[in-house]
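The next block holds one structure in the form of structure tokens; read it before the comments.
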Amino acid sequence: MSDAFSSETALVLFSGGQDSTTCLAWALSRFARVETLGFDYGQRHAVELACRDRLFDGLKGLRADWADKLGESHTLSIPTLAAISDTALTRDVAIAMGADGLPNTFVPGRNLVFLTFAAALAYRRGITHIVGGMCETDYSGYPDCRDETVRAMQAALSLGMARKFELHTPLMWIDKAATWKLAHDLGGEGLVDLIREQSHTCYLGERGAQHEWGYGCGECPACSLRAKGWNEYVAHR
């Protein structure tokens, strides 16, 4: 555990996916107490939210100290985000690239909204550390996943709420293969297996097809990234 955070509480943005589960384990290995926040925004893959309880149980079973540290689980419903978005994550349309070079899975402002609500909740609960799974390395070009966006949000939220927030993004500079390795470093094969079997990444919400790397359609960008990362991780472990 880092001595710098050994007495602190963190709030983790926890969707039930691979990245956020890895970030949750990362936080549990560093902070004295960890709370989580998930969002129901009308996403097609809302099945990810149902995965969280199984992941909580699995994490508690992996390490007794993690069980002691896991605090309150929060869920916020923000259907307005889907109402104002015309994307493949919130509409039953095919996934494709847009004219602007971004995939139509991009939900404009999603991470900005998530971080704002997270900071508001953290403020009320006396928490200054917020952990998110944003990543610049293996991402689809989403502008709200960039490090400069996260740093700008940290400054804006700290100014706007007169509270010195620190936004932690442990996956920002690593790819999916390294994310699998990080999970192993944090919790061994037990955590890797838990993420494979219980987390959800597929944009289409497919839980009927199981692969070596987990459940999903196997075709969408999220599944492709997860599978590619898994294959590279397995090849080098």
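For all residues, glycine too, the Cβ spot is worked out from N, Cα and C.
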Worksheet item: To which of C145, C202 does Swiss-Prot also attribute binding of Zn(2+) at the site defined by C217, C220, C223?
Response: C202
Worksheet item: Measuring Cα to Cα, how many angstrom lie between C217 (Zn(2+) binding site) and L24 (ATP binding site)?
Response: 25
Worksheet entry | Cβ neighbours of S20 (ATP binding site) where a neighbour is any other Cβ within 10 Å | 25
Item to complete: Could you find out if DSSP has L24 (ATP binding site) as helix, strand or coil?
Response: helix
Practice prompt. Please classify the secondary structure at Q18 (ATP binding site) using three-state DSSP.
Written response: helix
